[in-house]
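First comes the structure, then the notes that go with it.
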Amino acid sequence: MSFFDKIFKKFHMGVLYFAVILIGATFIYCYFTKHEKKDNNTFDALAQKNEIEKIQYNPIFANSAFCDIVVTTTDGRVIDFFNIPYDKVFEKKPNGKYKYNTYSVDPRPWNGYEHVFWVFRQCLTMLFFYCFFLFFADTIKQMGQEILASTSGKKGAKSRKVIINHKRFTFSDVAGADEEKEEMSELIDFLKNPRKYAAMGARIPKGVLLYGPPGTGKTLLAKAVAGEAGVPFFAASGSDFDEVYVGVGASRVRDLFKEAQLAAPCIVFIDEIEAVARKRGSNIGGSNGSEQTLNQLLVEMDGFNQKMGVIVIAATNQPEVLDSAILRPGRFDRHFNITLPNVKDREAILKLHASNKKLSEEISLEELAKQTPGFSGAQLEGTLNEAALLAARRNATFINKKDISEALDRILIGPTKKSKKYNDKEKRMVAYHEAGHAVIGIKIPFAQIVQKITIIPRGNAGGYNLMLPQEETFFSSKKALLAQITSFLGGRVAEELMFDDVSNGAYNDFKHATQIAKLMVTKYGMSDLGPVQYSGNTFQNDFSDPKGLEIDQQIQKIIANCYQQAKQIIQENQDLLDTIAKYLLEIETLNKRDIDEIVATGKIAWWEKEKEETNAPTQTTSQMSSNNETTNTDKTPLNDELEITTNLDNQESNESNPNNNEKASPEVLSTDSEQT
């Protein structure tokens, strides 16, 4: 909109406001005039009672059948009547005389003021409607332009333009991903010195595809490249090109690249590109709008309409669904797998996000990085942010270890369910279930290290074991996979041995154990069937029915062998199982230091000391005389009620167990507390 258009629009709005004010003033003047205003029935009543002394009339329009009259009554009142029919005023009798001949009917003389006022009022009304029409038309025009822009993609393309300054976001703001940074530095050099590569006859990669799990920093890397090079950065998502109208997506692609060409050299970043670049031919009935959009994107990247100086960076979590035409050299020349950070990268990410947070000296980011294998950069940032929120909630000045531990639990499992309270039987069942997992993790070779055990309900879990691998590896051996299956089955084995009954708490345990066993048989070649892969789905398999029976038998064999091994280990370490379950019932949460102390000494020194200090005043008050009585006071009432025994015949049958669906992973073995 030009300067004169803005002035003209403001003038129209000013006239409209002025007209509204004048019309309002006119109506107020007419309302407070000294003349009374009555309806037609009042006029008839006055005429029939012979109370009219004089009538003065004004015709509304020429040759009109109605007129406005001013009636003067016999008592001196002056009354205005509007739109009175002429026949009613000048009605005649059969003898030719007026029906109401007791009053005089004369034309009302108009003075100059009234003429001017009447003309002004009519002009003002017309001006009001004219300005209102202009205002309404301008509004409709703006709405139409917005609809047209949304369907044509022009407005969306403009809104996607973001200028990234190299001083605002660079590689120093992205922790980890050193190899990807080194590879993408070539793009930065091209954007800064394009003639250098043109002189050598080299063609810079036109597109870079970043793929990997969510939260690994794909978008941040693209922004950092633009920031390092100091070039315009056009950001869009795949859904921006998706529209109900066929052809709109292709139009938006053209508009985006047209604007990028004007700003070249520049970077066009398309996030979640799988929304627009899926494999063609999957839609029944032929081509559709999404395929037209993909075709236009292919042409813009490497076709007759290819743009020079425009580098496309795309990100996706599903590279396997992308069309092969867009992955070929000349379009996306470079494919970078942005993996989950290793321990070194996790420490760097934690240091970056902890730079603006107040951490206590007891917190070691190196140790925290070792405790978070499999965490993405987004999860690490969320952990520190959650810890900061917890510290602020309790009005603390620093973030301590307890805040970090609680934040990890919230990220992995969820918040604490304080409203859920176990009864004694449920609590014992959950304690022994989690203790069974822990015993397997402690005693079996190649198992993951137990870091934490808790029976506090959290999220959908009634309790869980946090286990970490002994070291980060890129492969899993057969012994390690069998150890994982055995660990998953430890909870069910402990229930069976201690209660002579089982609960549905091992639902997820069996699910994950079966998945691992199936992969070992059908994908990894780790069974008696040999090094062969078998694939299929619910509707079709690439193996015969007899072979499917053999696969099922091999899976059952692996599960059965691991179950027997878990039962043997727990029976051989019954005392360790009872001790862990006992302290879980008392403390509810055990960390790695507590677990190591139980394995080494059979007790937790700090807890026993705390119990002695708590029971000491009770012993003095009761004045116990014998050593046996003093020893008995060291056991709390909770221990009396929940004393653990190995006599299965004396265990109570657990008829109303919680639905402890375990949410397990290589890092977490959890017991779901939701009821079925």
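Each Cβ is built from the backbone N, Cα and C atoms, and glycine gets one as well.
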Taking Swiss-Prot at its word that His433, His437 bind Zn(2+), choose the one of Asp500, Asp501, Asp509 listed for that site. Asp509
DSSP output for Gly212 (ATP binding site) maps to coil
Sequence-ordered list of residues in the chain of Gly215 (ATP binding site) that lie 6 or more positions away and have a Cβ within less than 8 Å of its Cβ, or none, is Ser376, Gly377, Ala378, Gln379
What are the sequence-distant neighbours of Gly217 (ATP binding site), meaning same chain, six or more residues apart, C-beta distance under 8 angstroms? Val174, Gly176, Ala177, Ile338, Gly377
Over the topological domain 'Cytoplasmic' (1-12) the mean pLDDT stands at 52
Would you mind checking how many other C-beta atoms are within 10 angstroms of the C-beta on Pro213 (ATP binding site)? 14
Gly217 (ATP binding site) falls, by three-state DSSP, under coil
Sequence gap of 6 or more, C-beta under 8 Å: which same-chain residues meet both conditions with respect to Thr219 (ATP binding site)? Phe269, Asp271, Ala315
